[in-house]
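K.L.:
Dropping the structure in here first, questions after.
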Amino acid sequence: MKELMRNVYLLDDTLVTKSKYGSHYGEKVFDGYREWVPWRSKLAAMILKGHRLKLRGDERVLYLGAASGTTVSHLADIVDEGIIYAVEYSAKPFEKLLELVRERNNIIPLLFDASKPWKYSGIVEKVDLIYQDIAQKNQIEILKANAEFFLKEKGEVVIMVKARSIDSTAEPEEVFKSVLKEMEGDFKIVKHGSLMPYHRDHIFIHAYRF
């Protein structure tokens with residue numbers, strides 16, 4: 001077993017997180033380790049592509065676009081001594097997210113529109129990391145707005161960008177260049193890269209706030 005980052009390992013060729021919990025989305029469980037499926041989680045894909053985050057485990061994380069909690073569940077395994085504010089706007093996936101929250105004490109579910117951070121500003125404290133996976137045209141505006149409200153100075157962001165959600169007619173590479181340029185004024189880019197073969201026409205961007 002090879003350790004990749006806090007509570008994240010390669011078990012033979014399978015990515016897993018160390019966990020005291022059972023399966024959340026049908027993933028396999030191996031004696032205290034949960035399979036982390038890269039085709040179901042862009043963060044898992046990023047890690048398998050070779051980029052890792054240096055997390056202590058006690059961070060406060062704002063997760064924008066939590067959906068039904070697939071990636072949230074693994075991130076909660078990693079920051080097991082911290083807190084994840086999980087924001088999701090759609091009611092149906094939020095119901096599944098609530099199932100996860102019932103057995104975890106480090107996830108706070110928030111049924112809000114991530115483009116309106118002022119609506120949950122009375123709940124969310126300053127965070128060390130913003131993780132965003134929102135397939136909307138204005139996703140960089142959403143990231144900047146939330147960073148302004150919640151991200152600590154020199155806090156980190158990880159955003160998953162789907163080219164077709166921003167401009168379905170442009171070449172993905174042109175969309176990605178535009179997104180990176182849009183981020184430059186507010187963030188220092190640490191690393192960006194493709195999520196192929198796991199997610200087509202997607203990139204990850206890891207950055208920190210000036």
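Every residue number used here counts from 1 along the chain in the order it is shown.
Cβ coordinates are placed from backbone N, Cα and C, and glycine is handled just like the others.
Found this in Swiss-Prot, in case it helps:
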BINDING   T70, T71, E88, Y89, D113, A114, D133, I134, A135, Q136  S-adenosyl-L-methionine binding site
K.L.:
Between all pairs in T70, T71, E88, Y89, D113, A114, D133, I134, A135, Q136 (listed as S-adenosyl-L-methionine binders), what's the biggest Cα distance, rounded to the nearest Å?
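P.N.:
19 Å is the greatest Cα spacing among the residues binding S-adenosyl-L-methionine.
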K.L.:
Taking the Cβ of E88 (S-adenosyl-L-methionine binding site) as the centre, count every other Cβ atom within 10 Å, in any protein chain shown.
P.N.:
27
K.L.:
Determine, from DSSP, whether E88 (S-adenosyl-L-methionine binding site) sits in helix, strand or coil.
P.N.:
strand
K.L.:
Enter the number of other CB atoms within 10 angstroms of the CB of D133 (S-adenosyl-L-methionine binding site).
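P.N.:
I get 21 for this one.
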